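The S-adenosyl-L-methionine binding site feature in Swiss-Prot is assigned to 82, 87, 105, 106, 107, 133, 134, 147.
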């Protein structure tokens, strides 16, 4: 119970500072998810087991920051590609209950953990699916999310076929991204002109734990 309260207090302080409009029940669910993620991580490798920051900051708040740069809307269809332990999809589904999230990963054990957490938390706007990206056919989305370490050009190659016109790919990435962005833009002729533009935003100011971290938005 003490751990839950500590997670809740840390998250409330960060989110309220950024004027994120979350209800008490949403804070409760986000803190509960952080604890579930840690519990599941002891059984399955979902996140690093040598964390240098609290999970609620490094993973939950980190995911929520996407919504500051891309306000999710009611009815928006979002694909979380390579979700792992439900990141960023589960925190975002809690914070934006009218947006629909499909969480996909090629590792069955990780998806089983996501399905169990979604069920325990009572989240109705998120579905976890065991699938490879190549097997997703006939589906289109307004937005694709990724926390994968894959190069941006590779992520664009994976996702352009799923994006609706005016859709975007949002990535949480780290390091010097100039060359990675230039490579993705140079290769857009191979991906039906995607991305048309790429914006990137440093997020180190939100927390010392996000040094050299950025949010990248590639527009269809």
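Positions of Cβ are set from backbone N, Cα and C atoms, glycine also.
Everything Swiss-Prot records as a feature, shown here on the structure.
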{"residue": "82", "record": "S-adenosyl-L-methionine binding site", "Cβ contacts under 8 Å, 6 or more apart": "104, 105, 106, 146, 147, 148, 150"}
{"residue": "87", "record": "S-adenosyl-L-methionine binding site", "Cβ contacts under 8 Å, 6 or more apart": "47, 59, 63, 80, 147"}
{"residue": "107", "record": "S-adenosyl-L-methionine binding site", "Cβ contacts under 8 Å, 6 or more apart": "130"}
{"residue": "133", "record": "S-adenosyl-L-methionine binding site", "Cβ contacts under 8 Å, 6 or more apart": "81, 104, 106, 158, 159"}
{"residue": "134", "record": "S-adenosyl-L-methionine binding site", "Cβ contacts under 8 Å, 6 or more apart": "none"}
Residue among binding-site residues 105, 106, 147 with least C-beta crowding, 10 angstrom cut-off: 106
Residue 133 (S-adenosyl-L-methionine binding site) - helix vs strand vs coil (DSSP): helix
Maximum Cα-Cα separation (Å), residues 82, 87, 105, 106, 107, 133, 134, 147 listed as binding S-adenosyl-L-methionine: 20
